[in-house]
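What follows is a short report on a single structure.
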Amino acid sequence: MEKILFYLFLIGIAVKAQICPKRCVCQILSPNLATLCAKKGLLFVPPNIDRRTVELRLADNFVTNIKRKDFANMTSLVDLTLSRNTISFITPHAFADLRNLRALHLNSNRLTKITNDMFSGLSNLHHLILNNNQLTLISSTAFDDVFALEELDLSYNNLETIPWDAVEKMVSLHTLSLDHNMIDNIPKGTFSHLHKMTRLDVTSNKLQKLPPDPLFQRAQVLATSGIISPSTFALSFGGNPLHCNCELLWLRRLSREDDLETCASPPLLTGRYFWSIPEEEFLCEPPLITRHTHEMRVLEGQRATLRCKARGDPEPAIHWISPEGKLISNATRSLVYDNGTLDILITTVKDTGAFTCIASNPAGEATQIVDLHIIKLPHLLNSTNHIHEPDPGSSDISTSTKSGSNTSSSNGDTKLSQDKIVVAEATSSTALLKFNFQRNIPGIRMFQIQYNGTYDDTLVYRMIPPTSKTFLVNNLAAGTMYDLCVLAIYDDGITSLTATRVVGCIQFTTEQDYVRCHFMQSQFLGGTMIIIIGGIIVASVLVFIIILMIRYKVCNNNGQHKVTKVSNVYSQTNGAQIQGCSVTLPQSVSKQAVGHEENAQCCKATSDNVIQSSETCSSQDSSTTTSALPPSWTSSTSVSQKQKRKTGTKPSTEPQNEAVTNVESQNTNRNNSTALQLASRPPDSVTEGPTSKRAHIKPNALLTNVDQIVQETQRLELI
């Protein structure tokens with residue numbers, strides 16, 4: 001008996017341990033079975049949670065992913081909280097068994113996308129909280145099973161759009177929080193059937209306008225502070241770059257609680273408070289067609305591209321009207337692009353006529369006519385001499401529906417066509433094409449390439465041989481979009497005539513033309529170098545001539561100045577010459593004697609320095625006429641004076657060389673006598689001797705000789 005009780009006790013402990021996970025708090029009192037595992041440092045969902053749990057709290061942990069088995073068979077769970085974890089992945093159908101779940105909190109995690117089957121099976125979910133994640137994508141069918149939602153919070157994410165079609169089906173939705181995202185457009189009519197909506201928050205997005213939805217028309221109070229009364233509808237749209245034109249006039253006419261919103265455009269209203277702008281300033285600009293195709297001629301079966309561009313405020317929508325007066329949309333042979341271009345892939349004779357381009361916006365509309373001419377190809381005559389033409393049938397480019405963007409089928413056809421022709425390389429002026437199509441058309445003569453630019457609708461044709469695999473298109477405009485098609489020209493075996501067939505088309509844009517550095521061409525470089533070298537030579541010659549002229553002028557001025565000085569000195573010296581002067585000098589005069597010796601040596605210079613030597617010698621002679629010589633100079637001086645007396649008896653008309661010889665001999669005698677006397681003179685005593693007399697030189701003869709020397713010097717300088 002005791003053993004049985006012991007076993008029952010162990011079984012009870014084991015059951016209790018299995019029901020409540022470790023570290024968690026379990027409230028097992030019926031009917032509120034709750035498992036509280038918040039802030040327990042869990043890395044994953046505990047596997048031993050009681051499947052009868054009604055409320056499960058796993059917030060503030062470190063759970064990284066949700067598996068299919070984590071919440072399997074928990075059909076009684078009503079409230080699931082997974083907030084503030086690190087969840088980045090949720091396995092598809094992970095919540096499929098939670099058919100009674102009312103609230104799911106996944107806020108403050110690391111989710112980046114919501115897949116199609118993530119919330120499958122949550123048909124009774126009322127509150128879905130996904131704020132403060134990193135969501136960038138929500139699949140189009142992600143909310144298909146949560147149509148009973150009453151509150152959807154997608155705030156503080158990175159969403160540019162959400163599946164608006166799924167939102168339209170949430171008829172029970174009363175709170176939608178989309179604030180602090182990057183949503184730039186809300187389709188018109190999205191909230192038309194959401195009659196229970198009481199709060200819409202689109203604060204801090206990229207919305208430039210809000211559609212005039214009936215939901216907003218019912219609004220009585222626009223709340224930007226977030227405080228609303230139960231009976232009112234609150235719209236919060238502050239922090240958006242509103243474009244204040246006539247499209248927001250309906251919003252301006254509604255009541256409001258504050259005036260915090262401002263306009264971001266147009267420029268005249270930038271920065272102004274939305275509610276303070278008068279209604280008459282909410283203006284729109286009517287459309288104006290700025291560029292369109294005037295006329296186009298194409299061969300039957302070729303591709304025709306009609307262009308139409310317009311501007312206005314707001315941006316006008318462009319649609320086309322066929323010659324039959326019907327609205328054109330995407331079909332098997334026609335494509336209407338968002339930029340206003342109409343592309344007829346294969347033309348027929350019935351397409352000839354006037355197509356109408358219509359640009360419209362809330363301010364009005366503008367129209368332009370484009371004439372399309374289809375050149376008919378000849379066909380084979382049958383036996384009854386009637387022309388046999390294939391029946392093109394009704395024109396399938398005319399429909400009664402409004403034109404829109406490209407359908408998936410048309411995108412596939414375009415992609416298939418573009419795969420046949422590839423732009424291998426495109427520059428600002430050229431494009432290299434490669435052909436990938438198979439040449440299965442018999443009798444091909446050649447290929448025809450036709451293209452036209454965005455700014456020039458005139459077709460340009462090029463013919464290439466059928467064996468070509470590449471083709472280089474030249475002379476293109478920079479930064480221009482081109483539509484290029486390749487047609488096969490072949491011999492039709494049935495009609496025995498030449499026919500054409502479109503092989504493929506492609507659209508490409510050339511690069512922008514930037515200023516680039518190029519090397520100078522060799523011809524231009526050679527001519528430039530010759531001009532530069534010639535200029536340097538001419539400049540050098542001019543500088544050399546100028547230097548010579550300046551030097552000659554300076555030398556000429558100096559020569560005239562020195563001649564005058566020499567003549568004056570000699571005239572003064574000869575005029576005031578002292579004959580037979582003998583004076584005894586003290587020892588201190590020896591320095592003057594040495595200076596006199598150096599001046600005597602200076603007089604031996606060449607004829608180029610005669611002017612300077614004459615000036616020096618004359619100045620020294622004039623200075624020594626009034627000074628006495630030392631005794632050591634007596635013997636040499638007396639001998640030189642005797643020689644001068646002998647030569648002085650000759651007439652003054654002797655040749656010039658004799659006068660020069662006398663001067664040189666006199667200087668030589670002075671140097672020799674000075675050298676001998678300085679060598680024999682004792683250092684501490686000065687002997688006195690008889691004084692010597694200088695030789696007399698006739699003033700007129702000496703002046704004549706000096707003038708002749710100066711003239712000869714000037715002649716040599718000129719040479």
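Each residue, glycine too, has its Cβ placed from N, Cα and C.
These features come from Swiss-Prot:
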DOMAIN    18-51  domain 'LRRNT'
REPEAT    52-73  repeat 'LRR 1'
CARBOHYD  N73  N-linked glycosylation site
REPEAT    76-97  repeat 'LRR 2'
REPEAT    100-121  repeat 'LRR 3'
REPEAT    124-145  repeat 'LRR 4'
REPEAT    148-169  repeat 'LRR 5'
REPEAT    172-193  repeat 'LRR 6'
REPEAT    196-217  repeat 'LRR 7'
DOMAIN    240-286  domain 'LRRCT'
CARBOHYD  N330  N-linked glycosylation site
CARBOHYD  N339  N-linked glycosylation site
CARBOHYD  N382  N-linked glycosylation site
COMPBIAS  393-414  compositional bias 'Low complexity'
CARBOHYD  N406  N-linked glycosylation site
DOMAIN    414-503  domain 'Fibronectin type-III'
CARBOHYD  N452  N-linked glycosylation site
TOPO_DOM  551-719  topological domain 'Cytoplasmic'
COMPBIAS  615-627  compositional bias 'Low complexity'
COMPBIAS  628-641  compositional bias 'Polar residues'
COMPBIAS  649-677  compositional bias 'Polar residues'
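Annotated features taken from Swiss-Prot, shown on the structure.
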| residue | record | DSSP (3 states) |
| --- | --- | --- |
| N73 | N-linked glycosylation site | coil |
| N330 | N-linked glycosylation site | coil |
| N339 | N-linked glycosylation site | coil |
| N452 | N-linked glycosylation site | strand |
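A gap of 54 Å separates the Cα atoms of N73 (N-linked glycosylation site) and N339 (N-linked glycosylation site).
For the repeat 'LRR 2' (76-97), same-chain residues at least 6 beyond its ends with a Cβ under 8 Å from one of its own Cβ atoms are 33, 38, 51-68, 70, 103-112, 115-122, 129. Taking the C-alpha positions, the distance from N330 (N-linked glycosylation site) to N339 (N-linked glycosylation site) comes to 14 Å. When the repeat 'LRR 6' (172-193) is classified with DSSP, helix, strand and coil residues number 0 helix, 3 strand, 19 coil. Cα of N452 (N-linked glycosylation site) to Cα of N339 (N-linked glycosylation site): a distance of 17 Å. Other Cβ atoms within 10 Å of the Cβ of N330 (N-linked glycosylation site) number 21 in total over all chains.
In terms of DSSP secondary structure, the repeat 'LRR 5' (148-169) contains 5 helix, 3 strand, 14 coil.
By a simple count of nearby Cβ atoms, those within 10 Å, the most crowded of the glycosylation sites N73, N339, N452 is N452.
Per DSSP, the repeat 'LRR 7' (196-217) is made up of 4 helix, 3 strand, 15 coil. According to DSSP, the domain 'LRRCT' (240-286) comprises 16 helix, 9 strand, 22 coil.
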